[in-house]
Amino acid sequence: MIENKIELNCALHTNKNLEFLCLDCKLIPCCTLCISRGGEHHRHGIDSLESIQTSSILSMMNNFKDVYPKVIERIENDQQILKDSDEIFNEIQSQYNKNKITINEEFKKIHNILSIIQLDIERQLTTDFQENTLINTTITSSINNNNNNNNNNNNNNNNNNNNNNNNNNNNNNNNNNNNNNNNNNNNNNNNNNNNNNNNNNNSITDILNISIKYIQQQYNNDDHFKIDSNSIELIKQYQQSLLLLNNNNNDNLNKLKEYNNQTIKFDNQLINDIKNNLKTIYSFENNNNNNNNNNNNNNNNNNYNDNDNNNNYNDNNNNYNSNKAEKLNIEIDENNYKFIKKRNKNYYIYSENNEFPKNKEGIAFGEDCGSLLEFNWNKNLKNVMLLDGFKESLEPGVLPNGIVHLEIGDIKTPLVVGSIPSTVISLTFNDGFNQSLEPGVLLNSILNLRIGDIKTPLVVGSIPSSVFSLALHDGFNQSLEPGIIPQNNKYKDFSSMQGVKYLTLHNIKSELNIGSIPKSVYQLTLRDGFSKTLKPGVIPRSVEIVTLQEITKPLIIGSIPYTVLTVQFLTGFNQLLTPGIIPEGVKVLEFYQVKDLLTPGSIPKSIYSLSFKDGFDQILSPGIITDGVCELYLRGIKQPLVLNSIPNSVTKLDIYNEFNQELTPGIIPNSIKELTLGSLNTQLVEGSIPKTIQKIILYGNIEPSSLDVCKLDKSVLIYKK
């Protein structure tokens, strides 16, 4: 019997009361909708709550007694899941903010590279235009100078012409005075007036005719001619005229040939290739915790073992031993297909004896792959790896067009002209490659080339001039005589994109001499135990960016040429930078996870932009950062800042990415006009930010309200990104 005053609403249908017990479902209470058509307990055995037997109630309560602890456990589990979810989401949110900052930083680097290239092109255009301007000025000055001399002579003759005529007439008058004085005086006056009116229009030829006539008259009267001032002027002009004619006009004609009218053209196909390559510069990786990863790996391994026979992936058919698997990083996907993960690309291992997934973008071919011709149908195939032992023919047309990335190991078949498709833009020769690379085997479509410890020497022409980025990896031991690494014949010419611009040298065994690094190289990276001495002149003056990481031989003065604009010291670089190592002329300087490298004078006064990032571990005592630095970037440094760490020359300051040093008043100088803050782990106080600041940009966990404690002027511009 149910008391009428007690509401017994159904949890599923809140507008209905519980009236029944389901006899088929552990006596779960139900309402009329629960047992109706479409309800969960339709056609189940039921018993009315109004007439329920005591035994049924006891049975239900005992069931509830067993169920309730599980409910409590479920609630606790749900609370734990909720807590874990919040923690994971907070990590995701934090990583999201870091990713946004990383994107901004990386694309800023790309923008800087493009800006530098643009400046180089504009500088080259300006230089060419200045040369053309000089040619024009030289020709104009030469011709105008000659014209001025002639004009001066003409003016002198015209100015003196009247006097000459007057003198001639006067002399005639004097000679005839004895015969008829009065008449001749009248005639002389008339002649003088006529000569004065007419001689202004006389040409040089007319003047000369008059002078010749006068001289002849004098010669007839007397053998001795008296040279007057007018004749002297004509004699001088005669000399200058001969000098003008003797001056070879070929100089100006040759100058005309020196004009250089250029039209800048861009390789749109190459630009499109670069744009497509830019899409491959990033990847998304799951940051799962270790336990989840271990569980997933164990599950994958169990699945693989259980289904080993069904998929024919047993050890007897596998040509890759454990060492090679470790070297190649062989993994197994959710369908038990093996693949090699390299440079964010998956290469699925193909064997003609085993099942293989269709339409994969990346395939690795080993010694049991059979003919590759059947893969011409796969239009999705973009990435190919030829593994050690590959022995199939590589005649032209075997590797299908459409391949973009190609990696070649210790294959047993030679490469010929046409073996590598013209669509390949990225090519890698892995350790052990032992085939000849004659000129023409590598086509001019290749932009990115990586070479490991290959066993055959390179010759001039082995590397095509189209290669834009070249990396020589650990163990490379082939000669690098001048010409092996191609260069553009025109110094620092980015317009044609010919010649290696980006060169990365790992722990190579080849010696570097002057000329080994071509003059086309724009950025040079030395890393991973690079152990060659950098004598002055080895790095050519074309290089504008030098990146150093884990090099073992000390730098000396002159190792880095004065023409370099940017120097980066990456994780693992551990050499003391004595004054002069970084030359005057460098504008941008970046330090990453390095420690105790700097002394006063290490940083030259030419530096405009300075960065300390990702675990930089040195106290920036006053004087380390030199006056002249205008932009300063601080990210995740491990030592506190002190007063006067930042000089007054700095006007732009960026502090971000886990910066956890105190910003006590005075640390940031009053010279700062623009301040960027992001992901700080430090508390701001009044005075942390000088009140002279003009602009603040906020990233990550920094909100505008967190600046209230600084009591900034309302005129300060604050941006949240």
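Just so you know, glycine gets a Cβ as well, placed from its N, Cα and C.
When pLDDT values are averaged over the coiled coil (242-329), the model yields 59. Here Swiss-Prot flags 242-329 as coiled coil.
Per Swiss-Prot, compositional bias 'Low complexity' is recorded for 286-321.
Annotation source Swiss-Prot lists region 'Disordered' at 143-202 (among others).
Per Swiss-Prot, the feature region 'Disordered' maps to 285-322 (among others).
Taken from Swiss-Prot, the feature repeat 'FNIP 1' applies to 390-432.
Annotation comment: Swiss-Prot describes 433-475 as repeat 'FNIP 2'.
Residues or ranges marked as repeat 'FNIP 3' by Swiss-Prot: 476-528.
Feature annotation from Swiss-Prot assigns repeat 'FNIP 4' to 530-571. Listed by sequence, the residues of this chain that lie at least six past the ends of the repeat 'FNIP 4' (530-571) yet keep a Cβ under 8 A from its Cβ atoms are 116, 491-492, 505-508, 511-514, 516-524, 577, 580-594, 597, 614-615.
Within the chain carrying the repeat 'FNIP 5' (573-614), a Cβ under 8 angstroms from the stretch's Cβ atoms is held by residues 548-551, 554-557, 559-567, 620, 623-637, 657, all 6 or more beyond its ends. As annotated by Swiss-Prot, repeat 'FNIP 5' applies to 573-614.
Residues of the repeat 'FNIP 6' (616-657) grouped by DSSP class, helix first, strand second and coil last, total 0 helix, 12 strand, 30 coil. Residues or ranges marked as repeat 'FNIP 6' by Swiss-Prot: 616-657.
Residues or ranges marked as repeat 'FNIP 7' in Swiss-Prot: 659-700. Tertiary proximity for the repeat 'FNIP 7' (659-700) is limited to same-chain residues at least six positions away from its ends with a CB under 8 Å from its CB atoms, namely 97-98, 100-101, 104, 634-637, 639-643, 645-653, 706-707, 709-713, 715-721.
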